[in-house]
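Participant: Below: one structure in structure tokens.
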Amino acid sequence: MSNRQALIRNFAIIAHIDHGKSTLADRIMEMTNTVSERETEAQLLDDLSVEKAHGVTVKSRTVRNYYIDNTGTEYQYNLIDTPGHVDFNYEVSRSLSATDGVLLLVDATKGVQAQTVANYRLAKAANLVIIPIVNKIDNMAAEVDKTIEELLDLDDSFREEDILKISAKSGLGVDAVLEAIRDRIPAPAGDESGKLKALVFDSKFDPYKGVIVQVRLFDGQLKSSDNVLFMANNIKSQIKEMGVFSPLMTPLDTLQAGDVGFIVTGIKDARAVRVGDTITLANDPVATPLPGYEDVEPMVYAGLYPRGSEFKDLKIGIEKLGLNDAAFQYEPEQSEALGMGFRGGFLGIFHLQIIRERLQEEFSLDVLTTMPNSTYRVTVKNEDEPLYVENPIQFPDYGQIVKVEEPFMLAKMTLPNEMLNDIMRLAEGRRGELVDLATIGSMLMVTYRMPISEIAYDFFNELKSASHGFATLSTEFDSYQESDLVRIDIAVDYAKVDALTFVMHRSKVDRVGNEIVSKLKDLIPRKLQSMPVQAIVEGRAISRADVPPLRKAQASGTKVSKKQQQLRRQGQKKSDIELPQAVFDAILDMNSN
């Protein structure tokens, strides 16, 4: 390790949502003079409009700070701010790969919560140094001693004297955090004279500069004149610009082992660069890449279709979002009712909402979103291998199905003792099976095995409502299990609308079918004649309601031939149905209840 590396600290801030990660990042930047107090604004590192709108971090952010300690020694602090929402765990795991330690932040008014535990386990699994911190100690509702006890229960290697007590909002105690980073987090290891080996842990697309990657250098050094090789796809690129975020992009001529920075590649193909890839020198490559990331598996799928815009515009927007969101997967699909669009894969409903809002905010696209669903494993007759069905339209005919399996998650919820019964009723109403019940300080951690489809349909908000905001949630994949699932087709004017097809458990079919057709008859735009709306299961219509006509039924009671002539003159086509977003939202609401 060089003397330069000995003065570097790479660290992340991890916590449950709303525990003060971005606020602490702001104070660290202010107290290290990275930004002045006048320049500081709330959530400085949250630069996506959807992040400020929802008050959460969605994308990880990096910033280089310089800290001068009481001996006059200057340290380089590379800070990574991470998300806290359950849907964005993958962003946390990616950020941790670029760090050597973490600040585990806990809100003293809320204590250890589900995502606190999940993020702690990610850091522990990565063998990172963990500095526990209790935040918001100046809040009137703070329970500092109780929160410290919960942290000690979380990890028996924590000592009470090592737990820092701060107020990120006022800056109280943050100077002790800066000292702890220096004293407890190790300097990065790595051979500055070795061959270049850098990990891509994030990326974004700039329409003028092309792909911009964020990297952590583990070995070697990089100069702004170098040609680099992206090892996963064997793509070479001349560096256009490189440097660090402090917090704005600041160009540098050299990055060395231990540094965290950015590279402007000039690559215009958004799909050419993969997060988790290894960068090395094109003329002197390393033999083996760094261990990358496990592929992130989407939890839910939904169709995305342009509304009032061209398919090519949606394609451009989706490709650019897909570049810097490793969990967002997509492929083109064709709908008879909606035309060309994309089948997108998401980590949850909130992730889907963020993608939809980013398409609107960043690309001015009005996007229609279809009913979300999970992946089903279907065993059919005369086939050795099961089918994996991501689109309900591809669900096999009921006469060919041997069995259907759906993915289940372990849903871990922290909650006060007095709310246990309400939460158990909620989970069991979503087909949950109790797996574990444990105590963390004065809180309970309840673990249920539940279908992804039940969690995806607004379970997080229902949990918050049932617990008056006190319960928290983290999830992890468990297994595929057999379920009695059926496909529900919606027919309008006797024509099935493929975009409205969805899959659900048989126990809910009758109730949901009746509610949906009743709702849709008020939402589907009227035409000159009445149109029946039907819910069809296994070839049988289980419910029906009629969309009333715009005109009076002048032909009723007369000869059928005259009525048919009127309809032909009006040019009625069964497939010519305009579907507003409210139609899909109504189906989602029915499934979430």
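Just so it is clear, glycine is given a Cβ too, placed from its N, Cα and C backbone atoms.
Feature annotation from TrEMBL assigns domain 'Tr-type G' to 6-189. Among the features that TrEMBL reports, GTP binding site is placed at Asp18, His19, Gly20, Lys21, Ser22, Thr23, Asn135, Lys136, Ile137, Asp138. Marked as region 'Disordered' by TrEMBL: 548-575. Annotated compositional bias 'Basic residues' per TrEMBL: 560-572, in sequence order.
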Participant: Can you tell which of Asp18, Gly20, Ser22, Asn135, Ile137 has the most other C-beta atoms within 10 Å, given these are the binding-site residues?
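Facilitator: Answer returned by the neighbour count: Asn135.
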Participant: What mean pLDDT does the predicted model reach across the domain 'Tr-type G' (6-189)?
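Facilitator: Here the mean pLDDT over the domain 'Tr-type G' (6-189) amounts to 83.
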Participant: Specify the secondary structure state of Ile137 (GTP binding site) as given by DSSP, simplified to three classes.
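Facilitator: Where Ile137 (GTP binding site) sits, the three-state DSSP reduction gives coil.
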